[in-house]
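Here's the structure we're looking at; comments come further down.
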Amino acid sequence: MAERLEAAPAAGDEYTQDGTVDLHGNPVLRSKRGGWKACGFVVVYEVFERMAFYGISSNLVLYLTTKLHQGVVPSANNVTNWVGTIWMTPVVGAYVADAHLGRYRTFMAASVVYLCGMILLTLAVSLPALRPPKCGDGTGDPNCTHEATSAQLGVFFLGLYILAVGTGGTKPNISTIGADQFDDSHPRERRHKLSFFNWWMFSIFFGTLFANTVLVYIQDNVGWSVGYALPTLGLAVSIAIFTAGTPFYRHKPTSGSPFAKMARVIVGAARKWAVAAPVDPRDLHELDDEHYAKKKAARLPHTPNLSVLSKAAVKTGGGGGAQAASRWSLSTVTQVEETKQMLKMLPVLAITFVPSAMMAQINTLFVKQGTTLDRHVGPHFEIPPASLQGFVTISMLVSVVLYDRAFMPLARRATGNPRGISLLQRMGVGLVIHIAIMGIASVTERHRLAVAREHGVRDSKGTTIPLTIFVLLPQFVLMGVADAFLEVAKIEFFYDQAPEGMKSLGTSYAMTSLGVGNFLSSALLSTVSRVTRRHGRAGWVLNNLNASRLDKYYAFFAVLNCANLLVFFVVCRLYVYNAEVARVVDAGSGGGGEENKKREVALQPANVGAVESTL
């Protein structure tokens, strides 16, 4: 065994109190495992993993169009469909980790799959037999007829989706593995946990910026083989580094699936559809306080909303009473309320799909626009179009800091709200900024088309328009500002409003939002492209962007965002925040300390998750 339960720890040493164990299920000594000696391996892994992922995704649309010779609409949809899958698979990965394998084993198995996908992609861009021949002098030949074969496309997309399966197991587990290395019941480790999240955010930003600048430049100017081989090698090294830290990790035992818990409530309520609920909610089935105290959990009070689900806790007549009832026919009030809290967030989740679709334009149409513009910075250097995505990262980082250090203290004094403004209000600000982004993008595109017509290059695909690429900068920068409001508030909202035992599922709502948003982007682009070509019209989105009408497409997005904002107002009007139930088991009677402790546990993982999901 890696570590045995000693009869008595050494002086000054102690076992962890948060339920963490080693891989064999034994309690662990605080001095032997966890803390920064374990988290150092995790942070290093994340830097290289972010480089690998964004080294592929940031420039993917250009590889599809310039090397595999796909059209603008198919390439953009292939990118958004793949990114959508990337953000949907973590729901499955979180389920497998929570209910079956545990986070570490799920992560390690998924890392192997992830690396296999990266290796296959590197081979696909490197071997001549796995890609079509070049057209003309470069890759922008409008008369190119050398389309990729089914086998070439199959190998490339197989690599992409193997990678997507791998990230489904790594993405939801790596940050929680890092957080598990610190015991919230220990004051010093709780402070170190906050420091870990700061370094975690830094690793995400650094890896993303490196990919959006250095790796993208290498792909555009040195070669795709080197541009893919470097992140693949980096991922392999990072997995080796993470594995080397295995003797130092603490592990949380599996806790069961939240989907099963919710399903039992829904099935139980359906079975007792015709049963009348008692007038006094105290007559509903609930366990005693001692049960929750042993589990270090809070008992949730009954609420009147979604009252039909309360029937799952109605005790029906029978010989054995509550003890004889099946788990699929009788649930506790706390289980019912947990299910209610997860279900009532679904309308809020739905209104986040449209802004998530807007975010999908960053690495698709926005990048393609950049390929038509003058990219010179000085006489000898050309900025890669995909590198403008780095400004999203930078502006988001600056905005988050300004929001936390400047806006929040002022708003807190004005409103009395500890957060300054409510989470839904913060999301609303982000939605308004999204309207402005699409309006600005439409005006900018109209100007770009006017310059193309003025210089007679409207019908010339691949011809550079004499207009600097930095004319696109406002829409990239504002997207980062919008993320600082909407995306951070979104992940914090789903984390904060989820019940204590379903925080991971609540966080996965934000990932689901991004996944569905990318699929929505694909559906909108295909539909608009098809509809606008009817009756012999040219269409809004063509392979030649200089002859397209992306200005109208972006204006359509602005209108769609306005409609979504109106629905958001209705949802906000109807939404009822959870009652203030202590999220940290009482360890004392200090009011202010408890409030700070509650905020410390609730807000910090949310902010980190927001950054990770946004980037």
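Counting begins at 1 with the first residue displayed.
A Cβ is built for glycine as well, from the same backbone N, Cα and C atoms used for every other residue.
Features reported for this protein in TrEMBL:
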type: TRANSMEM; residues: 107-130; note: transmembrane segment
type: TRANSMEM; residues: 150-168; note: transmembrane segment
type: TRANSMEM; residues: 196-218; note: transmembrane segment
type: TRANSMEM; residues: 224-245; note: transmembrane segment
type: TRANSMEM; residues: 345-366; note: transmembrane segment
type: TRANSMEM; residues: 386-403; note: transmembrane segment
type: TRANSMEM; residues: 423-444; note: transmembrane segment
type: TRANSMEM; residues: 464-486; note: transmembrane segment
type: TRANSMEM; residues: 507-525; note: transmembrane segment
type: TRANSMEM; residues: 553-576; note: transmembrane segment
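Between the transmembrane segment (507-525) and the transmembrane segment (107-130), fewer than three CB pairs separated by 6 or more residues in sequence fall under 8 Å, so the two stretches do not touch. The stretch from 150-168, 386-403, 423-444 with the most CB pairs below 8 A to the transmembrane segment (464-486) is 386-403. By the count of Cβ pairs under 8 Å, the stretch nearest in packing to the transmembrane segment (386-403) among 196-218, 224-245, 345-366 is 196-218.
For the transmembrane segment (224-245), the most Cβ-contacting stretch among 150-168, 196-218, 423-444, 553-576 is 196-218 (pairs under 8 Å). Under the criterion of 3 or more C-beta pairs below 8 Å, with sequence separation of 6 or more, the transmembrane segment (553-576) and the transmembrane segment (345-366) qualify as touching. With a threshold of 8 Å between CB atoms, the same-chain residues lying at least 6 positions outside the transmembrane segment (196-218) that come near it are 36, 39, 42-44, 46-55, 58-59, 175, 178-179, 181-182, 226-227, 230-231, 384, 386-387, 389-390, 393-394, 397, 604-605, 607-608, 611-612, 615. Packing against the transmembrane segment (345-366) from elsewhere in the chain are residues 57-58, 60-61, 72, 75-76, 79-80, 83, 386, 388-389, 392, 424, 427, 430-431, 434, 437-438, 441, 472, 475-476, 479, 482-483, 486, 490, 493-494, 497-498, 506, 509-510, 512-514, 516-518, 520-521, 524, 550, 553, 557, 560-561, 564, 567-568, 571, 574-575, 614: each is 6 or more residues past its ends and has a CB under 8 Å from a CB in it.
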